[in-house]
Amino acid sequence: MQGPLLLPGLCFLLSLFGAVTQKTKTSCAKCPPNASCVNNTHCTCNHGYTSGSGQKLFTFPLETCNDINECTPPYSVYCGFNAVCYNVEGSFYCQCVPGYRLHSGNEQFSNSNENTCQDTTSSKTTEGRKELQKIVDKFESLLTNQTLWRTEGRQEISSTATTILRDVESKVLETALKDPEQKVLKIQNDSVAIETQAITDNCSEERKTFNLNVQMNSMDIRCSDIIQGDTQGPSAIAFISYSSLGNIINATFFEEMDKKDQVYLNSQVVSAAIGPKRNVSLSKSVTLTFQHVKMTPSTKKVFCVYWKSTGQGSQWSRDGCFLIHVNKSHTMCNCSHLSSFAVLMALTSQEEDPVLTVITYVGLSVSLLCLLLAALTFLLCKAIRNTSTSLHLQLSLCLFLAHLLFLVGIDRTEPKVLCSIIAGALHYLYLAAFTWMLLEGVHLFLTARNLTVVNYSSINRLMKWIMFPVGYGVPAVTVAISAASWPHLYGTADRCWLHLDQGFMWSFLGPVCAIFSANLVLFILVFWILKRKLSSLNSEVSTIQNTRMLAFKATAQLFILGCTWCLGLLQVGPAAQVMAYLFTIINSLQGFFIFLVYCLLSQQVQKQYQKWFREIVKSKSESETYTLSSKMGPDSKPSEGDVFPGQVKRKY
C-alpha cells in the first residue's frame, strides 16, 4: 500500500520546497554557513568554499557551502621547490618541508612566487641534493639525444626506455636511503623532476598516507605499503616525472592501439618506486593524478596505462590501472602496482553505425509492444494461469523494463550519479531477465523429461518454490556485490553502462555466458527427448503440419532462451560487422518471439482472444442498439423498413 502513496508524497515535498524557494527569492536573510547575501536576493559561498550544486548564486534553502581543498586536483596549488601545500577550512597555506625555512623567517606563504625555502641541515643534505642533480643531468642528456632515438628501431627504443626508467628509479632510491634523516628531497631540470620521502620509524596516525608532487602530477600511497612491515631500517618512496620521455615512448606503443582511433599521450610519464624492497604487493591501490599536456573535453576516451615490460619489448598496458575521474585539466587513476605511468586519450572514437542504431530502436520498440501485450495476456487470461505462464510473465516484465530503460536512459550521462543509477538498474534488469530465461529452460527440460510419467504437479511445486528467490534474488546479490566493490565503474563517459576497466564487464558477461550455455545444453536435451517421444507415437499423430509447427516452435525457443546472445561474443575479425547486424536484429526482436510463441501460436490463448473479441463485438453492438433506441424515444415505433443491429430483415 506504500507504492500509491509514494508519488503524491513526493509531489507534496517538491511543492513544499518550491514554495519555500519562492519565498526566499525576495530575501536571503538565512543563507547557509560560510555564505553571504547578494543584492538581498541570492546567496553565494564565501571565498574558499563552493556550493554543493556547483552554482555560484542560489536560493535553495538546503544548499550547503563546502570547503575547497586547494591542495588537490583540479586546483593543486603549486608551492614551489621544497615546500608543500596544506589545506585549512576556507583557505590554504604553503610551508617549507622539514630541513628548510623561509629566508624571511616566516612559517607560511601563499604561492611559489613567495617561496624562498633554504636548506638548514648539514652538508650531508647538500651531498644528497648533489647526487640527485647528477642523476637528473645524466639522464637528461640521454633523453634529449635525438641521434640515439632516431637510429634505433621500435623494439630497441622500448628496451632502452625501460632500462633508463629502471636505472633512474634505482639510483634515486639509493640516494634517498643514504641519508634518511633528510625526510624530503626535491630536484628538477628541464627533462626530469624528482621527489623522495624517507621514513625512519613506524607509520603514525598523522602519516597514514604520503602525498608526493612533481611538475603538477601527484601520487598518494599508504605508509604501510612503503615500509612493508620492515621496522629495522629506513624506507623511501620516489616519485619521478619525465617531461620529454612521452615523445619517445608515445601512444604508438599502446598494446590496444586501434587504427580507427587517434590515440595520443596527454600527460608526462611518471615513475613510482619504493625501497629497499622493490617488487612488493600493495595492500591498497595508489592514486595518481596527472595534469594534461593539452586541455581537452572530459568526454574523450581516457586510458590509464603503465609501462609493461615483456620478453618481446615493452608497451603501454591498462592491466591493473583504471580511471577514477577526468576533467579538462586533470585525470585521476588508481593502480594496483608501482611502475611508470601515463594517460592516453582517444582524439576521435569510433562512430556509431546509424543503420544499427535505427535497427536497435525499431526492434526494441516492436519488442516493447509485444512484451506489453504478452504480459497483459498472462495477467488477464485466467484459463492459462499456471507455473509456465508465471515464468513467461516475469521474463516479459523484466525484458520490458530493461528495454524501456535502455531506450530512455542509456545516453543520459549527466548527472553522473543518475547515470550510475541507470547503469546499475540496467545491470540488474538484464541479469534478472537472463535468470528467468534460465528458469524457462529448466522448466522446459523438466516438463519434457516427465512426459512419460505425467508428473507435472511435482514440477510445479518445485518451480513455485525456487523461481522467485532465484529469479530476483541471484541478480540482486550479483549487482549488490559489484556495486559495493566497484561503485565507480557504473557509468562511462558516453554510456550509462558498465566500465571495461578491471574486467568489470564480466560481472555481466560471466553470468550471461553461463546462462546461454546452460540453456543451449537444455535445449538440445529437450529436442532429443521430444524426438524420441514423437517417434514412439502413432505415425498418424506426427503429421507434416505438426512436425513443421514443432520445428518452428523449437527454433523460436532458441531466441526466447537467450541462446542467440552468443552472437555478441563473435563480433571480432572480418565478420564483426555481419555479426553485429545479426546480433542486433535477432535480439531486438526477442519480445516479438515471446508474444508469437506463447500467445499467438497457443490454442488456449487463441480461444481466449476469440472470446474477448466476441465480447467486445457484442458490447459494441449492444451499445449501438441502446444509442439508437434512445434517439427514437420510448413512444416511437420502428417502421417496417427499420432493421436493428443483429436483426435480419425478413421477406414474407
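If you go along the chain as it appears here, the first residue is 1 and each next one adds 1.
Just so it is clear, glycine is given a Cβ too, placed from its N, Cα and C backbone atoms.
As given in Swiss-Prot:
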TOPO_DOM  22-357  topological domain 'Extracellular'
DOMAIN    24-66  domain 'EGF-like 1'
DISULFID  C28-C37  disulfide bond
DISULFID  C31-C43  disulfide bond
DISULFID  C45-C65  disulfide bond
DISULFID  C71-C85  disulfide bond
DISULFID  C79-C94  disulfide bond
DISULFID  C96-C117  disulfide bond
DOMAIN    183-351  domain 'GAIN-B'
REGION    304-351  region 'GPS'
DISULFID  C304-C333  disulfide bond
DISULFID  C321-C335  disulfide bond
TRANSMEM  358-378  transmembrane segment
TOPO_DOM  379-389  topological domain 'Cytoplasmic'
TRANSMEM  390-410  transmembrane segment
TOPO_DOM  411-416  topological domain 'Extracellular'
TRANSMEM  417-437  transmembrane segment
TOPO_DOM  438-464  topological domain 'Cytoplasmic'
TRANSMEM  465-485  transmembrane segment
TOPO_DOM  486-508  topological domain 'Extracellular'
TRANSMEM  509-529  transmembrane segment
TOPO_DOM  530-557  topological domain 'Cytoplasmic'
TRANSMEM  558-578  transmembrane segment
TRANSMEM  581-601  transmembrane segment
TOPO_DOM  602-652  topological domain 'Cytoplasmic'
REGION    621-652  region 'Disordered'
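Here the features listed in Swiss-Prot are painted onto the structure.
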{"residue": "C31", "record": "disulfide bond", "Cβ neighbours (10 Å)": "21"}
{"residue": "C45", "record": "disulfide bond", "Cβ neighbours (10 Å)": "26"}
{"residue": "C71", "record": "disulfide bond", "Cβ neighbours (10 Å)": "20"}
{"residue": "C79", "record": "disulfide bond", "Cβ neighbours (10 Å)": "24"}
{"residue": "C85", "record": "disulfide bond", "Cβ neighbours (10 Å)": "20"}
{"residue": "C94", "record": "disulfide bond", "Cβ neighbours (10 Å)": "22"}
{"residue": "C117", "record": "disulfide bond", "Cβ neighbours (10 Å)": "22"}
{"residue": "C304", "record": "disulfide bond", "Cβ neighbours (10 Å)": "24"}
{"residue": "C321", "record": "disulfide bond", "Cβ neighbours (10 Å)": "25"}
{"residue": "C335", "record": "disulfide bond", "Cβ neighbours (10 Å)": "22"}
Open item on the list: Just to be sure I understand, if DSSP states are collapsed into helix, strand and coil, how many residues of the topological domain 'Cytoplasmic' (379-389) fall in each?
Closed with: 8 helix, 0 strand, 3 coil
Open item on the list: Which range wins on Cβ pairs under 8 Å with the transmembrane segment (390-410): 417-437, 509-529, 581-601?
Closed with: 417-437
TODO: For C65 (disulfide bond), just give me the three-state DSSP call.
DONE: strand
Open item on the list: Please count the residues of the region 'GPS' (304-351) that DSSP assigns to helix (H, G, I), strand (E, B) and coil.
Closed with: 0 helix, 31 strand, 17 coil
TODO: For the transmembrane segment (417-437) and the transmembrane segment (465-485), check the count of CB pairs under 8 Å (sequence separation 6 or more) and say whether it reaches 3 or more.
DONE: yes
Task: Which listed residue (C37, C65, C333) has most other Cβ within 10 Å, given these are disulfide-bonded residues - done: C333
- [ ] Tell me, please, if the transmembrane segment (581-601) and the transmembrane segment (358-378) are in contact, taking contact as 3+ Cβ pairs under 8 Å between residues separated by 6 or more positions?
- [x] yes
- [ ] Going by Cα-Cα distance, pick out whichever of the disulfide-bonded residues C31, C43, C65, C304, C333 is nearest to C96 (disulfide bond).
- [x] C333
Task: Remote residues contacting the topological domain 'Extracellular' (486-508) - C-beta distance under 8 A, at least 6 residues beyond either end - done: 298-302, 304, 318, 321-324, 326, 349, 409-413, 416, 419-424, 426-427, 430-431, 478
- [ ] Compare the C-alpha of C85 (disulfide bond) with the C-alpha of each of the disulfide-bonded residues C43, C45, C65, C79, C333, and give the closest one.
- [x] C79
Task: Chain residues in Cβ proximity to the topological domain 'Cytoplasmic' (379-389) (below 8 Å; excluding those fewer than six residues from its ends, i.e. six or more beyond) - done: 443, 447, 459-460, 463-464, 467, 598, 602, 604-605, 607-608
